[in-house]
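For B:35, B:62, the entry in TrEMBL reads substrate binding site. Among the features that TrEMBL reports, ATP binding site is placed at B:161, B:162, B:167, B:172, B:197, B:198. The domain 'ACT' annotation in TrEMBL covers B:262-341, B:343-409.
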């Protein structure tokens, strides 16, 4: 019933935009809990169900919610029609459970829009070249929405979620965290890849590839609030680094506890050693994040990298059984009690001393840095996970993120 | 959980047939209660939801159960693949919520069968010419199964249901009712249209049109029983009236309480009067069942017919507001406390006196007959519904249906 009420609220909100003269395409996710329910059934039947059949199963969640939303729109007096991924069609590759969108045919959607209809497109799914149903992986509805917006060259893609925008950091860790009214695409990409759960990273990548302006908004606000008010809420992810951008050097602090560090000690230091170690890891589809190779001492080196904590034991197995014998390494040091904390901001490009303020702040809190990784607009450190919250709070304060933009910097 | 166990049992049963060298296509229905759950959600959103969106919603139930069954087959070590209606494709007309199958492409299914796979095809659904999802109406999975069997020219279509075959009458009314091991297609068609709920009537019609032998079996038996034993259970619906057919004159007694009788009194008796009365009823998609026009008396006649009890008030409205003023009829007599009892048997073709045994039996029980309708292989009577069970029991005994075929007739 809570979910039905949510569908009604979405319909009211969409009807409002439609009444204001906008052509609207809606990409709903499944009803709350439905995807978990379906995957739970699959796991009751098989420990490791076939990907093709899993997608066939999971795709029903969005199909059902899309049909229900179309009915709710009709009940609001709005002409509406829902389409599954294959009806559009949304074409993807054949990587079941984590397919990538290759193209979207906009003809059918555009025909309905021009006929005055609101079009509801099932998120999360598509079809591959042979006509099998595929899904895009968790959070895939965001990616679908951005991809549909790109295909239709929409003015903006509004993503309604259970938070009301992108924050300087997670408000559950730092109560002073502020909502950003604008964030650059590049910053958002770093935030998403560094552990901010607001948007699926692939949806941000898609937005970047096709330059789709995305606005993150709360689905929990009054659906009948004025359009002006609605557009002032949330966070706009923009490609224009103009006056709208906040003047802060650092825009946000991201963090992730899903980290584990592995070090191979006493590796013979010779050309190609990094590939010898990481090649077998990559072959097994294990993502490596931070990588550090220490200065060579007496012909050997220590080689460290981090993986997702879920893949820790698989990665250690590969190192022990495949890599270590092959490269003649010594001991393997393991640590899955680590966390990654990152500062992100396009201002870092033009401001010096940003990283050093980060390191000083952590040092003043007595937090030891285990690894460092940098890019043009972010600096990440790996620390003991028990210090994670402390580090985030200290950095949030040190970079003035708890003050409104006008007041800071 | 009960439903997951049922899916596992279906998989075990199918694996058994597959292991014996049969090419098998399975057409599952939705998991128990799922279709009602989905339609309940729709009704929460809209009093009279759009048919197209209802079908989009309802079709998800069979898609989910088909994917789960394919997983369960794979868990049994059987290569399997599931297809939705549109993937086959199963083409239908555009009558949402009660579409009719127009064609089934067997290429994809046959390719998988030849590759050694069991093919799971979602029942109950198809696509229309414009690629919209359609459903076939309640019990449509039976129709899908027969249609797929016809398209593939299958040896036999086994329909597993919650009863173990076709009975001489409903065992809940007559404990002595016997399971028929064979029934002719025409008898089954009459039984289905007369209220026996074992098979959806359209599935029987389809079986007749394409001469698909259908066997009704229980889904509750041990899935690992021997194939021989399984083929001796259930009821075969056959097109061959050969030695396998039982020698009984009457094969079964069907009954239905979903009846209502309407009589238009004092209708001017002139040509075209039946059409003047029933035309407006048919225009409103109300099915008329039995029709009786009494002998004309003094230039007027009484015209009676029955409709489904659900459509009683709509039919009465049409008569009062449209028909009666137009034809200049007098009073309308209404009775929704009636039931229809029918005897069915291909033996009636060649045996005289069958109907009169029926009338005598009812008379001996003091049951008044309100209307009579006959066809080549059935005789139906309309009676007060309070006498329905008594009539069924008396007729079952009078026609010797409670005795094994060898003993009777």
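Residue 1 is the first one shown; counting continues down the chain.
Each Cβ is built from the backbone N, Cα and C atoms, and glycine gets one as well.
Predicted automatically and left uncurated, TrEMBL annotations should be read as such.
Structure coloured by features recorded in TrEMBL.
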residue: B:35; record: substrate binding site; Cβ contacts under 8 Å, 6 or more apart: B:58, B:61
residue: B:62; record: substrate binding site; Cβ contacts under 8 Å, 6 or more apart: B:28, B:29, B:30, B:122, B:123, B:124, B:125, B:141
residue: B:161; record: ATP binding site; Cβ contacts under 8 Å, 6 or more apart: B:198, B:199, B:216, B:217, B:218, B:219
residue: B:162; record: ATP binding site; Cβ contacts under 8 Å, 6 or more apart: B:218, B:219, B:220
residue: B:167; record: ATP binding site; Cβ contacts under 8 Å, 6 or more apart: B:177, B:178, B:179, B:180, B:252
residue: B:172; record: ATP binding site; Cβ contacts under 8 Å, 6 or more apart: none
residue: B:197; record: ATP binding site; Cβ contacts under 8 Å, 6 or more apart: none
Residue counts (helix, strand, coil, in that order) that DSSP gives for the domain 'ACT' (B:343-409): 29 helix, 14 strand, 24 coil
For ATP, whose listed binding residues are B:161, B:162, B:167, B:172, B:197, B:198, the greatest C-alpha pairwise distance in Å: 17
Three-state composition of the domain 'ACT' (B:262-341), taking helix and strand from DSSP: 30 helix, 33 strand, 17 coil
Rounded mean pLDDT for the residues that make up the domain 'ACT' (B:262-341): 86
Neighbour tally for residue B:198 (ATP binding site), based on other Cβ positions within 10 Å of its Cβ: 22
Local backbone state of residue B:197 (ATP binding site), from DSSP in three classes: coil
DSSP three-state assignment (helix, strand or coil) for residue B:62 (substrate binding site): helix
